[in-house]
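**Student:** Handing you this structure, nothing more for now.
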Amino acid sequence: MDFNVRKLATDAGIFFSRAVQFTEEKLGQAEKTELDAHFENLLSRADCTKNWTEKIYRQTEVVLQPNPGARIEEFLYEKLDRKVPPRPTNGEILGQFMLEAAKEFGSGTPYGSTLIKVGDCQRRLGGAEREFLQTSSISFLIPLRNFLEGDWRTISRERKLLENRRLDLDACKARVKKAKAAETKAAAEHELRVAQTEFDRQAEVTRLLLEGISSTHVNHLRCLCEFVEAQAMYYSQCHKYMLELQRELGRCPDSLDVNCHPASSPTDPSAFLPLNSPSPLETDALQIEEVQPPASGTRKAKVLYDYDAADSSELSLRADELITVYTVPGMDSDWLIGERGNQKGKVPVTYLELLS
């Protein structure tokens, strides 16, 4: 008990001495040991790294999970050291709703069959998003968080200890200047030498940690490149799925090859053309004005929904009107040639009800 009291009194005395020294420095009444320029640059670089890493980490969390409630839930599970339960992505939920709606409306109807196609695509998009989120978390978010919660805390602790050693050193310097008697001055100089040794040792430890920030930058650079690769792969997959969906719905030229933009080349500009932009292969497309009705005859069809032609090769439709339709060899099965008076063009099958 007596030992603890003495230790408490000693700690209180040291704390009071440091507080006095710090206050006098702020008031300009005491000298302050300055760190060398290189050390100051290391400190500034470390602070800059911490601040921007924290901002990038927080904003990346928002980008990957915009729902703050879900982020809080994941944080609590992590603190409790429990596995986060699987949560479907918004795309997967939307896809499931569409598939369930298709069952209600009937998969044989134009609307129902289209819901099935779009719903399946949404589920695949949701799956790609899930994979992207998992990859980004492992390769980018976790390393940034490890730095903030590990390396940076160690650096902060050692910097605080260095600041205490500096205050002790400056307090010893002040006592040496104030000492008058030879015996008092000798004791103060001894304390000064001890304080200087401890300060130099702590400064070297802190310097080594601060110089390790360069390695941190190299590691974060690698993680950033992996994040970009995961993001590029994700968008490339989404682009491919949407092209496939367009082709299934009959909104893309039959000659468009959805495999012409491999995921291994996400930076190819041609892989991200606007969905309605002309295809490089359109020169080989069917010339509508040269198409003639087949010898086997034509059929009448009732238009179910309004349809606006995407280009000059298509025919715009209005709901409930009757048109003449037929097919030609080599034409996509999702399309027919439609005629209304002197007008002629491609029309999507899903917008028609074929009459016998």
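For all residues, glycine too, the Cβ spot is worked out from N, Cα and C.
Please treat TrEMBL annotations as automatic predictions, because they have not gone through curation.
Annotations for this protein, taken from TrEMBL, read as follows:
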DOMAIN    24-258  domain 'BAR'
DOMAIN    296-356  domain 'SH3'
**Student:** Mind checking how the domain 'SH3' (296-356) divides into helix, strand and coil residues in DSSP?
**Tutor:** 3 helix, 28 strand, 30 coil
**Student:** Mind looking up the mean pLDDT for the domain 'BAR' (24-258) in the predicted model?
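**Tutor:** That stretch averages a pLDDT of 87.
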